[in-house]
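Enquirer: Not my notes, these are from TrEMBL:
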- SER193: active site, charge relay system (ACT_SITE)
- ASP329: active site, charge relay system (ACT_SITE)
- HIS360: active site, charge relay system (ACT_SITE)
- 114-366: domain 'AB hydrolase-1' (DOMAIN)
- 1-26: signal peptide (SIGNAL)
Amino acid sequence: MSTALLAFIAVILCLLFRILNVNSHAEKPALFCKDMDFLDTVSKISSVVQEPYIPTRLWGFSGHVQTIVHSILGRLKCSWPIGERCCLHLPDGSTLTYDLYQPLNQTFEDDVTLAICPGIGNTSESVYIRTFVHYAQCHGYRCVVLNHLGALSSVAVTAPRVFTYGHTDDYHSMVCSLVSRYPGTEVVAVGFSLGGNLVTKYFGESDRTLPANIIGGISICQGYCAIDGSSYLLNWQNFRRVYLYVITETMKSIILRHRNVLLADPIKKAFGLNERDIVAAATLPELDEAYTRKVHKFNSVTEMYRWSSSKYYLHNIKLPMVFINARDDPIVPENMLEPIREFASNHPKILYVETAHGGHLGFYEGGFIHANPVTWLDRSVVSLIGSLVYAHSESKLKFSTGVH
């Protein structure tokens, strides 16, 4: 074997070892929480967040591989939960749908519903959502999942808009519909990625009155600030521009799929839209300049991004919340995690869980090559939901007995 071939093989192996990050080791998540009583209450039910997270040995220590596996495969073993599709006709003419799933385990006394908001362009049919719903059903929870407006190809768009990064009205409509059907249920809001931003913003909007049924929320892998996020994603470092391309094409495909309504001639004229600019947009900011900010009447993309970002609503949050991020998330760089670290360290009933590994919504664990069928994320979120329910019960008990 020639020296040149050996050198080439050595370089390839070095690159693989660097990409797979195989020299890393399992670590306990870092916990940021000012309220030690709240942390103690959470820990009684959710001990998993205080234990080391052990990614799949060969590839799980790479945030890129975790993210790519999540994007392509979703989950390694996925049940298809059977639910009921509910349809709401909103005042602006939009047709909003959500899917309702009943608990599979009826042995639990509490009536708790998870109001789930998926990631960008995702729905109840997304693999990771289906897997999480089934796992939650098995633990006695009812689930409702928002289908982002325009994301389901089987549901026609009936008004000239699709979902955005910061509009929470659709989520609010789903929750109100839920509590009208089950007035006695307690609701825990769960948001993944973009959905985490929407849930957090929803909790922090000063002009919004939340249904009294909501007892807490969980945000997973959100970026907190769209202004900073778009700036980082425009950078080629850590292949972020590739992820931006995928996100941009996802949003563009949703708009063009419903072009007969969204880009009808009267709509283009009313909002000053140019279809060629929309088709030619190469990045998300370009697409938002050509379409989103005009339809929603913002003066600039920066103004829209600021209005959409949960970072600017954190200080108004009154309900208990848990936030989860991974430091090796290639879509949400570590620099973007500082606002939530600071917030959790200075506000009561807020817990921030930060893992060293997991990528963007990956969090596969166990095994050498083949990961466990249930991810660390699914296990942790379901246990944290139990913690929020327990914390709410403890709070009600103290209030009823006059102990404060």
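Including glycine, each Cβ sits where the backbone N, Cα and C put it.
Nobody curates TrEMBL annotations by hand; they come from automatic prediction.
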Enquirer: For ASP329 (active site, charge relay system), just count the other CB atoms lying within 10 A of its CB, please.
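Expert: Taking all protein chains shown, ASP329 (active site, charge relay system) has 25 Cβ neighbours within 10 Å.
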Enquirer: Pick the one among the active-site residues SER193, HIS360 whose Cβ has the fewest other Cβ atoms within 10 Å in this structure.
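Expert: Lowest Cβ count within 10 Å among the active-site residues (SER193, HIS360) is SER193.
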Enquirer: Taking only the Cα atoms, work out how far HIS360 (active site, charge relay system) lies from ASP329 (active site, charge relay system), in Å, as a whole number.
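Expert: Rounded to a whole number, the Cα-Cα distance is 5 Å.
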Enquirer: Between SER193 (active site, charge relay system) and ASP329 (active site, charge relay system), find the distance joining the two CA atoms and give it rounded to the nearest Å.
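Expert: Per the Cα atoms, SER193 (active site, charge relay system) and ASP329 (active site, charge relay system) stand 11 Å apart.
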